[in-house]
Amino acid sequence: MQKKGFNHSRQPPTTNHSSPSPTKTSNQPPQLPPPRTRLAASETHRKPAKHDLKTSRPRIHVTLSQNADPECDAISIASTINHLNIPAMSLLSYAKDLAYNPSHTQWLLPLLLVADAALCGVIIDRIPYTEIDWSTYMQQIAVYLKGERDYAKITGSTGPLVYPGAHVWIYKHLYAWTDEGRDIQRAQYIFAVVYLVTLGVVGLCYRRAKVPPYVFPLLVISKRLHSIFMLRCFNDCFAVLGLWLAVYCYQRNQWHLGSFFYSTGLNVKMSLLLPLPAMGILMVQKLGGREALTQAMIIFQMTVLYGYPFRKRAPSYFSKAFELSRVFMYKWTVNWRFVSESTFLSKPFALGLLAVHAVLLLWFATTRWIKPSKRSFRDFLKLAIPAKEPRDQDDMARRITPDFITTTILTATLIGMLCARSLHYQFFAYIAWATPFLLWKAGFHPVVQYVLWGAQEWAWNVYPSSPLSSATAVGVLAITVVGTWWGTRNEYAGPINGIIDDNHEHKE
């Protein structure tokens, strides 16, 4: 069936060139020859592609004849475009779709991983390794392998061992794989693999939360993050991997496995205590009080298991591995350089940060994190009692989406970083992959997101830190936290009155 207004015949119009007709004088404008365009035969009967159905913009192929008149063909093409209702800004629309449509991340993420893998190789090959903690880790592991189990006596050049048992277990294997720590380049390649695996898991978490493609480049262009993994070999890399594996498993409703990964990361470095309150709130709403208690027991049991080799010196182990009274040095702080050293070292300053931390956690818990429960904070606390499952448990669990899980855990982590007593450069590993997600959740314009990300990246690359870089680092964290709170204000909007209505009845 031919479309009206188009000549689908393959035969050109018949014209007698041998006997021209007499010249006629007329006031009528000369007639243009028929359009020398045709639609491809396959286009006239094909089914619209999936993308065509979505955008309602049919694709056409225009073929010009060999002896085409450019002016006439331009008119014909314009007529065809107008007839098919193709907007003039279609290319801009496609570009916008590429930037904002989350479905495109299925091919963007692998491309970024391949590109970043190549970059990691270049970094290891071209940029010198910087010794900070690696040799100390290896010295401490050597003492451990000689049979010492008293944490106070497991020391290195920078002091005693202050990390939990999973750190010892991981670096014990690195000690063997790197010729007792002497093969630095092999260690760097191992950390490059850890980096790429973590990046892949982060990308999968972003995909499940339906983050748009324009955010993804921010995951791979951080200079400081590459330095932490490939040029410093900090143990924070393994803690961050454990955190993101836990987030991914929680998104997939694999809570036991997620709690295992979280506990492993926590037992590498206790920085992962920061998201624990938010995780508890998530578990109560998603799983119910009894199952949330089960997850808490998994985390506790894994902590005991990782500390088992040090059971005969348990007081020494727990006092060093989970030391909360550690004194930090002003010269290494990244976040509080803009306050005086006397203020930084003062007890009121430390207590003030602790108070702000508690207030922010309570603020987010009461106004954001418990919203899927549709309850007041007082009534929500009753859910944590593992006595009887509420009638609306299934409805409540369905509201805990991958997006909500990621937002809640990352927000709690950044609140802790904002109120931290002191941040060192390796702590950027916890911030770098959380900030792009939360800036997106804050609802900032993409340009603003990139500007804030750039300011943060600059601040963390200033060495030694300056008052301006510290103020910038804290300022971006504060903007991200407050922006996330504001940007999620309409999620799960509705009455929160502490009672269960008919819509919340458990349906058999």
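Placed from the backbone N, Cα and C atoms, the Cβ positions cover glycine too.
Per TrEMBL, the feature compositional bias 'Low complexity' maps to 12-29.
Marked as compositional bias 'Basic and acidic residues' by TrEMBL: 43-55.
The region 'Disordered' annotation in TrEMBL covers 1-55.
Counting same-chain residues at least six beyond the ends of the transmembrane segment (189-209), those with a Cβ under 8 angstroms from any Cβ of the stretch are 102, 105-106, 109, 112-113, 116-117, 120-121, 124, 174, 177-178, 215-216, 219-220, 226, 229-230, 233, 237-238, 240-241, 244-245, 247-248, 251-252, 402-403, 406-407, 433, 437. Per TrEMBL, the feature transmembrane segment maps to 189-209 (among others).
Residues or ranges marked as transmembrane segment in TrEMBL: 229-248 (among others).
What TrEMBL records for 260-280 (among others) is transmembrane segment.
What TrEMBL records for 292-310 (among others) is transmembrane segment. The list of residues near the transmembrane segment (292-310) in space but at least 6 beyond its ends in sequence, with Cβ under 8 angstroms from a Cβ of it, reads 149, 151, 164-166, 168-169, 255-256, 259-260, 262-264, 266-267, 280, 283-284, 316-318, 321, 384, 386.
The transmembrane segment annotation in TrEMBL covers 349-370 (among others). Proximity of distant same-chain residues to the transmembrane segment (349-370), defined by a Cβ-Cβ separation under 8 Å and at least 6 residues beyond the stretch ends, is recorded for 277-278, 281-282, 285, 339, 343, 377, 380, 408, 411-412, 415-416, 418-421, 481, 485, 488, 491.
Look at TrEMBL and you will find 400-420 (among others) tagged as transmembrane segment. Using a Cβ-Cβ cut-off under 8 Å and counting only residues 6 or more beyond its ends in the same chain, the transmembrane segment (400-420) has close neighbours at 205-206, 208-210, 243, 246-247, 250-251, 271, 273-279, 281-282, 285-286, 335, 353-354, 356-357, 360-361, 364, 368-369, 372, 427, 430-431, 434-435, 437-438, 441, 474, 477-478, 480-481, 484-485, 488, 491.
Residues or ranges marked as transmembrane segment by TrEMBL: 427-448 (among others).
Under the heading transmembrane segment, TrEMBL lists 468-487 (among others). Sequence-distant contacts of the transmembrane segment (468-487) (same chain, at least 6 residues past either end, Cβ-Cβ under 8 Å): 333-338, 360, 363-364, 367-368, 407, 411, 414-415, 417-418, 423, 431, 435, 438-439, 441-444, 452, 455-456, 458-460, 462.
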